Amino acid sequence: MYFHAEQEWMYGCIETYGKLACNETAIYAGILALISAISGDAYYVDECNGQEPPLNFLGLAILWGNLYYVYMARKLAYKEQRDDVCTMPYGINTPGAFAFIFGIIFPVYYKCMSENNGQDQQMYQERAWYIALGSNFITGVVILALCFFGEFIRRNTPAVALLSSISAIGFTYLGLNLYLSIASLPIVSFLPFSIIILDYYGKVKTGPIPIAAITLIIGTVLGWAASVNTAHGVRDAIKLVKPYPAVFPARGMFQNMNQIGPYLSTTIPTAVSIAIGTIQCVESAKRAGDFYPIREAMFADGVGTIIASLFGSFLGMTVYIGHPAFKRMGARQAYSVINCLTYLLLCFFGIIPLVLKIITVTSVNPVLIFIGTFICAETLAITPPRHYPAFLLGLTPVIADWAQSTIISSVSAAYANFTITNVDFTLNVTSQITGFSYSGLSNLAGGSLLQCIFLTTILIYMIDRKFIRAAVWAFFAGLLSIFGLIHSSNVGVLYEKNDEGWRFSVGYATMIGLFMLLEIAQR
């Protein structure tokens, strides 16, 4: 019996590692594809001499976070005398990565280009990189500051609301967004997608080989057969495989700190969203049977983000969604150790670009779709039917954020390559959009993860006729609105005529008035 349990434990960790590796590979591929729009090379935004890849030293932050979460899991296992404690997965904060690319790196790069008539591309790359690093450093500091409020937030927020934004990320970024790539390559993707659904939801077993490995192998074979992968791409990537010395660009980062002010509207909400996401992941792990301290988890994420910024990565670090799914697969702590050591090796030797050229990245997307839909299903399972409308409407801010950043910004950035590059290009385009309210889309997207929490909570308390609590949450929503943390892309005191912040504050004030009248009438 012991051997059987040990075998099951090892199998669960191996399969979970495969999923986590697929997840990080897909995220890494997406980030590299986006920054290639300004770097000209899919792997680099240079520091001074054009030799240091800024994402390579992400491995140090991944090493820190994974080992710290393993330490937390071992403490919990020892305290409760259990052998089934599963480490929470850890890695790149995906929404924050895209927010930094579209909200900081692209605007800084194109602004520098328009101001200097496109004279020195390397200078624009360095400027964008340093400002993004400084913003990431600030993100880590804010997360550490929020450590002291995490438990209070968890106790005073409905569980469904806490899980609403993480469910929205799962549905939108891991579900809808990744299914688009599957739909773009049906010959390559439909078979791996079907295998994943049959295994995880249909319970059709595939034997001892991890299902993630099966889908990766089949998808890669189909990708090479369909010429999605090419030998030319592999040859180019092989040239990049070599040891890279560590970089420590703190000097350039701090020298450019005075320029991050205009981008705090991206930085602060990203930090808050990471903190909220950590709380949600801890809550999700709690419902799966593993009780982790929120403050310690937020500490790990904040320190990991600071480490990433100090060693040249603009990507925030966070605990991932998916702990319940990984635990159900039998994972414990070994998968996290294997993951961080693997990525440390891949990052320091520049092997990741080669891996991304060999495998068919689209074939790993079905695994991520499973994780995204699973977290949504878990949230629905704890949601009373009367709260379904609140939960579903609570998803909309993240969907709007995805629509604005992925569709509008991507199309504008692509079109800018064929026109005069101008930082106001997107605004010029959006002013001509008809058929839907772009201003409404933009307002709903601002601070989307925070909006998910507030919208869901207010709606839940409205449905339950707890009007005082609804009024309190509406008050804080109005307060955040006036400072631009939600419903806006600008951080500051938004009271000018053309600002949206004060308008939303007035709107929330009218809701508070209604709630107070209803509370009086109810007594």
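Cβ atoms are placed via backbone N, Cα and C, with glycine included.
Note that this is a predicted model, so its numbers are computed, not measured.
Annotated transmembrane segment per TrEMBL: 26-45 (among others), in sequence order.
Annotation source TrEMBL lists transmembrane segment at 57-78 (among others). Only residues 6 or more beyond the boundaries of the transmembrane segment (57-78), in the same chain, are considered here, and those with a CB under 8 A from a CB of the stretch are 85-88, 90-92, 244, 246-247, 290-293, 296-297, 300-301, 303-305, 307-308, 311-313, 315, 317, 319, 332-333, 336-337, 339-341, 343-348.
Annotation source TrEMBL lists transmembrane segment at 90-109 (among others).
Look at TrEMBL and you will find 129-150 (among others) tagged as transmembrane segment.
Panel annotation: around the transmembrane segment (157-176), residues 94-95, 98, 273, 276-277, 279-281, 283-284, 287, 321, 368-369, 371-376, 378-379, 382-383, 387, 390-391, 394-395, 397-399, 401-402, 448-450, 452-453, 455-457, 460 of the same chain, lying at least six beyond its termini, place a Cβ under 8 Å from a Cβ of the stretch. What TrEMBL lists as transmembrane segment is 157-176 (among others).
Packing against the transmembrane segment (182-202) from elsewhere in the chain are residues 211, 214-216, 218-219, 222-223, 226, 228, 360, 362-363, 365-367, 369-370, 374: each is 6 or more residues past its ends and has a CB under 8 Å from a CB in it. Taken from TrEMBL, the feature transmembrane segment applies to 182-202 (among others).
If you look up TrEMBL, you'll see 209-226 (among others) marked as transmembrane segment. The list of residues near the transmembrane segment (209-226) in space but at least 6 beyond its ends in sequence, with Cβ under 8 angstroms from a Cβ of it, reads 11, 14-15, 18-19, 21-22, 185, 187-189, 191-192, 195-196, 199-200, 358-360, 362-364, 366-367.
TrEMBL lists 303-322 (among others) with the feature transmembrane segment. Long-range contacts of the transmembrane segment (303-322) within its own chain (CB-CB distance under 8 A, at least 6 residues past either end) are made by residues 19-20, 23, 31, 47, 52, 54-58, 60-62, 64-65, 68-69, 88-93, 96-97, 100, 104-105, 129, 132-137, 139-141, 143-144, 166, 169-170, 246-250, 253, 270-271, 274, 277-278, 280-282, 284, 297, 371-372, 374-375.
As annotated by TrEMBL, transmembrane segment applies to 334-356 (among others).
The annotation transmembrane segment is assigned in TrEMBL to 363-383 (among others).
Per TrEMBL, transmembrane segment is recorded for 470-489 (among others).
Sequence annotations record features per position, and here TrEMBL assigns transmembrane segment to 501-521 (among others). Residues 443, 458, 462, 465, 467-468, 470-471, 474-475, 477-479, 481-484, 486-488, 490, 493-495 of the same chain, all 6+ positions outside the transmembrane segment (501-521), place their C-beta atoms under 8 angstroms from a C-beta of that stretch.
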